[in-house]
Amino acid sequence: MTTSRQVGIVGVGLMGHGIASSLLRAGHQISFLEHPGNQPVDDLLAAGATVLSSGREVAQNVEVVILCVTGSPQVEAVLFEPNGVLEGLKPGCVVVDCSTALPSSTEKVAARVTEAGGRFMDAAMTRTPKEAAEGRLNLIVGAPKALFDETLPLLQGFAENIAHAGDVGAGHTLKLLHNFVSLGFSAVLAEATATSRKAGISDTALLEVLGAGGGGGVVLERLRPYIAENDPSGFRFTVANASKDLGYYHTMTNELGVERGVAGAVHALYTSIDDATLAVPEVIGVLEKRR
């Protein structure tokens, strides 16, 4: 039986809300930071969660702090701003960063958490808010092996597939690689679909051929509802987040000194779209209207 832990969550958006509800079902004690960007939280409060007004208060009351915010600037802000998490961190407290972040920032953040007496791990997420609410996320973890093993039972409360990528920063590195591949394939499929329609090929035929051949896979299945029925709900990831993550990938590859020609083209596509609130599948419609 999993031991109940005192867990604080900073960032109760679509993903963070699902994590909180899953951990409550698993028997953990949850507190979270009050924030206007949170999803409705009445169900969490009814299930026994506690809301607190500052990151400092959250850290003072828990053994583990889970960060589920947008990216590196937000992680640094919630940790290091006045009255932030670092001010209330108890000795040995584990900070779990579930954001998608720049690995070089992650390493600096981890050093400051360690200096303050805490312990740090990056646990980048894949899958969607649906899987978060079901406790079935994928996690890519960067942490010392001993800390990974210690924290694994807690992570299993909201994740189904958990990979230990290596030491601190490895989780965020592998997440950026994952998102480059996923978003790159999405861009290829969007352009191919727009071209197919212009050429007079039916969507049914396109989906049949791709699905049975080299174009089949998870990304095609996420875009399939939009291609077939104009339904973007299969992949709710926004163009804004795609542009942000590919920007991080660009910075990471620049720091590593490696080739990024394909990534540059994919990044340019997403950043060229005026409405960044669109879901990734809706890029197909944007491309259809061009030229």
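Using the three backbone atoms N, Cα and C, a Cβ is placed for every residue, glycine included.
The model shown is predicted, which means the values in this text are computed figures rather than measured ones.
Of all Cβ atoms in the protein chains displayed, 28 besides its own lie within 10 Å of the Cβ of Lys175 (active site). The feature active site is assigned by TrEMBL to Lys175.
The domain '6-phosphogluconate dehydrogenase NADP-binding' annotation in TrEMBL covers 6-166.
Residues or ranges marked as domain '3-hydroxyisobutyrate dehydrogenase-like NAD-binding' in TrEMBL: 169-275. Per DSSP, the secondary structure of the domain '3-hydroxyisobutyrate dehydrogenase-like NAD-binding' (169-275) breaks down as 83 helix, 1 strand, 23 coil.
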Query raised in the report: What is the pLDDT of the domain '6-phosphogluconate dehydrogenase NADP-binding' (6-166) when averaged and given as a whole number?
Result: 98
